[in-house]
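Q: What follows is a structure written as structure tokens; I'll ask about it next.
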């Protein structure tokens, strides 16, 4: 049985860094070292006083130490890690771009008054959960030992439980919307014959390569094209998950 340190070191880089930052933010808050008002998403302060850090820092606060906080952190450790080690294995740049795209989408949605949330960390975690549920739709999930259902329905079940126990609806719903938009643009639309318009930007690939984040991607062998020249196949392999 591996030790906690060995388990932590075995985690894939993006999920590990994001989960660690969320844990550190809540720990600092509990110790009185961090005032959430300094990192909260406030568009007025962002654009009028140029406090641009708020566009980033609000994603790292999942609330104070509580059962809900523990559940969110476990969701990163389970679903984020399974995504990064599974469909996104050796595709660290693509996984990072998914997180960046999700964060940008959530910021745009939160600019709509009825969708505004002070902290979008829970929404980003829910986005990970939604994408995971589409990549592993037939996996059997047991919720609190009470009910077993397919992973495809897990985001909606978790949303319903949050509402029942008094948690806000909007953060969960925003995460589902962002997750579905990403999955539609990168998987469902190309499967229907459309073009993948959400390819990972070159600057993200360069960032991952420069800092040697994660395992390098597998280089595919060059194959001749119709004109007799050679070109490497690039792109994502898609699966129809229903």
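For all residues, glycine too, the Cβ spot is worked out from N, Cα and C.
Pulled from TrEMBL, these are the listed features:
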| type | residues | note |
| --- | --- | --- |
| REGION | 223-242 | region 'Disordered' |
| TRANSMEM | 17-43 | transmembrane segment |
| TRANSMEM | 55-76 | transmembrane segment |
| TRANSMEM | 96-129 | transmembrane segment |
| TRANSMEM | 141-161 | transmembrane segment |
| TRANSMEM | 173-192 | transmembrane segment |
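Give me the local environment of each listed feature.
A: Long-range neighbours of the transmembrane segment (17-43) within the same chain, counting only residues 6 or more positions beyond its ends whose Cβ lies under 8 Å from a Cβ of the stretch, are 11, 51, 53-55, 57-58, 60-65, 69, 72-73, 76-77, 80, 99, 107, 110-111, 117-121.
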Q: When you scan the chain for residues with a C-beta under 8 Å from the transmembrane segment (55-76), skipping those not six or more beyond its ends, what do you find?
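A: Residues 15, 18-19, 21-26, 29-30, 36, 38-41, 46, 103, 107, 118-122, 124-125, 128-129, 167 contact the transmembrane segment (55-76) from elsewhere in the chain.
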Q: Do any residues of this chain, six or more beyond the ends of the transmembrane segment (141-161), have a C-beta under 8 angstroms from a C-beta of it, and if so which?
A: 126, 129-130, 132-134, 169, 172-173, 175-176, 179, 241-242
